[in-house]
Amino acid sequence: MANSTGLNASEVAGSLGLILAAVVEVGALLGNGALLVVVLRTPGLRDALYLAHLCVVDLLAAASIMPLGLLAAPPPGLGRVRLGPAPCRAARFLSAALLPACTLGVAALGLARYRLIVHPLRPGSRPPPVLVLTAVWAAAGLLGALSLLGTPPAPPPAPARCSVLAGGLGPFRPLWALLAFALPALLLLGAYGGIFVVARRAALRPPRPARGSRLHSDSLDSRLSILPPLRPRLPGGKAALAPALAVGQFAACWLPYGCACLAPAARAAEAEAAVTWVAYSAFAAHPFLYGLLQRPVRLALGRLSRRALPGPVRACTPQAWHPRALLQCLQRPPEGPAVGPSEAPEQTPELAGGRSPAYQGPPESSLS
């Protein structure tokens, strides 16, 4: 009885984990696809290339290593696909290359925003985005090549263990963890820390008096009106929101995976499934964190959604109940502007039942 209860509990936990993993997979595909469309159709974004690169990396990961985690890995995966040595090595290479490409891409995006905010008037000091992203992919390729130096994978009858934590890097695993997680974390922390410091200084700076502003009188009422509030608001609160979310999301998703890479192989294998899918959740969180928190992206997404959805049928205004204005309101196409009170046609003497409201009497020549 106890064994059956334990089996049922493990099956329920595996099913819930599989459902959550599938939700993360769908969210990564849909979110990054929608954000990539918005970025490509919005020419005003200054860091559009970094955002598009991050979306492409997330889509590649969601289309390659995440399905392998659902099909080939043990719970929360299905564990029904048995990969041979060559496909398993390819899966290790993709995992060891795409994860650093994602973390280094996030760090490059943070540094680009730091230069745009802190040094907006010095565009010559910014390296070209193509050069930065080329360096990111070169480093990711070298880190992925380290996975080919590990122990060979097991033959197909054994369970598929094709991740980086399953002996894919061998003695190079600590070096891979430092370059793939510690270095991007330090770069991201420095970039968003600088952004927060600059924003907080701007919030603490007193506003400049407007030109032509009237001087306050020295009366008691004027002194009471300019007293500070009893509960002063902490300056820089809004400025701390975006850096805190970016750094917190990076630490929550990637810190467990990096610590597992530095742990012994036995403990890393025990926590492999949990830390792997926590890291994979970053692919689904990036569109909301780096896309929807930007006002230009939200505005562009709203414009695209309004163009895609059919427009609502406009109703007639209550001021346009004149028969001729009502006939025009019913006959015009739905996309036309609504007839307002200033646009309603004037009443004719025939429809008004005699003289028009603007009738002022006979001309002066007839009175003489």
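Glycine is treated like the rest: Cβ placed from N, Cα and C.
Features as listed in Swiss-Prot:
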- 1-18: topological domain 'Extracellular' (TOPO_DOM)
- N3: N-linked glycosylation site (CARBOHYD)
- N8: N-linked glycosylation site (CARBOHYD)
- 19-39: transmembrane segment (TRANSMEM)
- 40-53: topological domain 'Cytoplasmic' (TOPO_DOM)
- 54-74: transmembrane segment (TRANSMEM)
- 75-91: topological domain 'Extracellular' (TOPO_DOM)
- 92-112: transmembrane segment (TRANSMEM)
- 113-129: topological domain 'Cytoplasmic' (TOPO_DOM)
- 130-150: transmembrane segment (TRANSMEM)
- 151-177: topological domain 'Extracellular' (TOPO_DOM)
- 178-198: transmembrane segment (TRANSMEM)
- 199-239: topological domain 'Cytoplasmic' (TOPO_DOM)
- 240-260: transmembrane segment (TRANSMEM)
- 261-272: topological domain 'Extracellular' (TOPO_DOM)
- 273-293: transmembrane segment (TRANSMEM)
- 294-368: topological domain 'Cytoplasmic' (TOPO_DOM)
- 332-368: region 'Disordered' (REGION)
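The stretch with the most CB contacts under 8 Å to the transmembrane segment (92-112), chosen from 54-74, 130-150, 178-198, 240-260, 273-293, is 130-150. A helical conformation is recorded for N8 (N-linked glycosylation site) in the three-state DSSP classification. Residue counts for the topological domain 'Cytoplasmic' (40-53) by DSSP state, with H, G and I taken as helix and E and B as strand, are 7 helix, 0 strand, 7 coil. The Cβ neighbour count for N8 (N-linked glycosylation site), using a 10 Å radius over every protein chain in view, is 10. Secondary structure counts, DSSP: the topological domain 'Extracellular' (261-272) has 9 helix, 0 strand, 3 coil.
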